[in-house]
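Annotated in Swiss-Prot:
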TRANSMEM  4-24  transmembrane segment
DOMAIN    22-141  domain 'EamA 1'
TRANSMEM  41-61  transmembrane segment
TRANSMEM  74-91  transmembrane segment
TRANSMEM  98-118  transmembrane segment
TRANSMEM  121-141  transmembrane segment
TRANSMEM  148-168  transmembrane segment
DOMAIN    160-280  domain 'EamA 2'
TRANSMEM  178-198  transmembrane segment
TRANSMEM  207-227  transmembrane segment
TRANSMEM  237-257  transmembrane segment
TRANSMEM  260-280  transmembrane segment
Amino acid sequence: MNDALKTYLNGICWFLLSLVTSSINDVMSKYLGTRLHSFEVAFFRFFFSSIVLLPFVVYYGKNALKTSRPFVHVLRGLLLFFGMTSWTYGLTIAPVTTATVVSFAIPLFTLILAVFILNENIIWQRWVVTVVGFIGLVVMLKPHTKDFNPEILYLILAAISFAMLDIINKKFVVKESMLSMLFYSAIVTAMVSLPVAMQYWITPSSFELALLFVLGSSGSFILFFLLKAFSIVDATATAPYRYLELVISAIAAYFIFNEFPDKSTVHGAVIIIPATLFIIYSEKKSMSSKHESQ
């Protein structure tokens, strides 16, 4: 095995770790959300996340928390609150695999939001692919059938929130430290969640508290795994492997919740995955062209 292949496989392994952790997070969120309110799950998730980050704050010192855009951190925290509470609630309504496929559509929402917020010019091919991707969402969610549950749209609202976060990250927080982004967002989200969570409070069991701690910790681990992967291989090299999360989620959901993806989820995934792959590679090509022209 040559060095280039070893490096590539090393990067992919780190990326796969992020997928496994993300799938486990969804399974834990669904399990916790069946008894605890999504507001309470969000509070504990980000409360424990901020606690886990404290040793890093102490180690790197107050300079790591310096920020020139406090308002942006507040906005990110509000979007995280809205996104994670909607996502957790949606997971209690829909199968884990359905939620996973919805997450694949986030680049579609990001593309549309980028037009209005960043004033980006989008080539017509991307618009066509975006429409195709949304057709895939319709195929999966089946809004035209009697089996449609409107509450599943909470997953769509969450996806839009996460797309907004991507836009904010792209526009505002380039010069912010990763630690400040994580820590301030966790603090804001926990503070916003607590008053609402108190209205629906159910004291967690010891086991639930342990899961909530793991949930709060693993969010930072996902980011670490992703950054590690992207430091070794190009982000577009990992794109095809992103969709292995559907397989991982399906296996976990089957053994824990006895869920199995229905035909509409599979059909929707078959449409959405190629659409988002095209957008990812198109974005990469566009960025490369801009870089070469500078």
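From the backbone N, Cα and C atoms, a Cβ is placed for every residue, glycine too.
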Quiz prompt | Closest-packing stretch to the transmembrane segment (41-61), where packing means Cβ pairs under 8 Å, from 121-141, 178-198, 237-257 | solution = 178-198
Quiz item: Per DSSP, how many helix, strand and coil residues does the domain 'EamA 2' (160-280) have?
Solution: 104 helix, 0 strand, 17 coil
Quiz item: Which sequence positions outside the transmembrane segment (148-168), separated from its termini by at least 6 residues, show Cβ-Cβ distances below 8 Å to it?
Solution: 72, 75-76, 79-80, 82-84, 86-87, 89-91, 93-94, 98-99, 102-103, 105-107, 109-110, 113-114, 117-118, 137, 141-142
Self-check item: Best-contacting stretch, by C-beta pairs under 8 Å, relative to the transmembrane segment (237-257) and drawn from 4-24, 121-141, 207-227
Solution: 4-24
Quiz prompt | Contact yes or no, the transmembrane segment (4-24) and the transmembrane segment (121-141), 3+ Cβ pairs under 8 Å, gap 6+ | solution = no
Practice problem: Could you give the residue numbers and ranges of same-chain residues that sit at least 6 residues beyond the transmembrane segment (207-227) on either side and whose C-beta is under 8 angstroms from one of its C-beta atoms? | Solution: 14-15, 17-18, 21-22, 24-25, 28-29, 31-32, 35-36, 41, 44-49, 51-53, 178, 182
Quiz item: Averaged over the whole of the domain 'EamA 2' (160-280), what is the pLDDT?
Solution: 86
Practice problem: Check the transmembrane segment (121-141) against each of 74-91, 178-198, 260-280 and return whichever range has the most CB pairs under 8 Å. | Solution: 260-280
Quiz item: Which residues, given as numbers and ranges, are at least 6 beyond the ends of the transmembrane segment (74-91) yet have a Cβ under 8 Å from it?
Solution: 26, 29-30, 32-33, 38-39, 41-42, 45-46, 99, 102, 151-152, 154-155, 157-158, 161-162, 164-165, 168, 173, 181, 184-189, 191-193
Quiz item: Looking only at residues six or more beyond either end of the transmembrane segment (260-280), which have a C-beta under 8 A from one in the stretch?
Solution: 95, 97-98, 101, 104-105, 107-108, 111, 125-126, 129-130, 132-133, 135-137, 139-142, 236, 239-240, 243, 246, 250, 253-254
Quiz prompt | DSSP-assigned states of the domain 'EamA 1' (22-141) in counts, ordered helix, strand, coil | solution = 102 helix, 0 strand, 18 coil
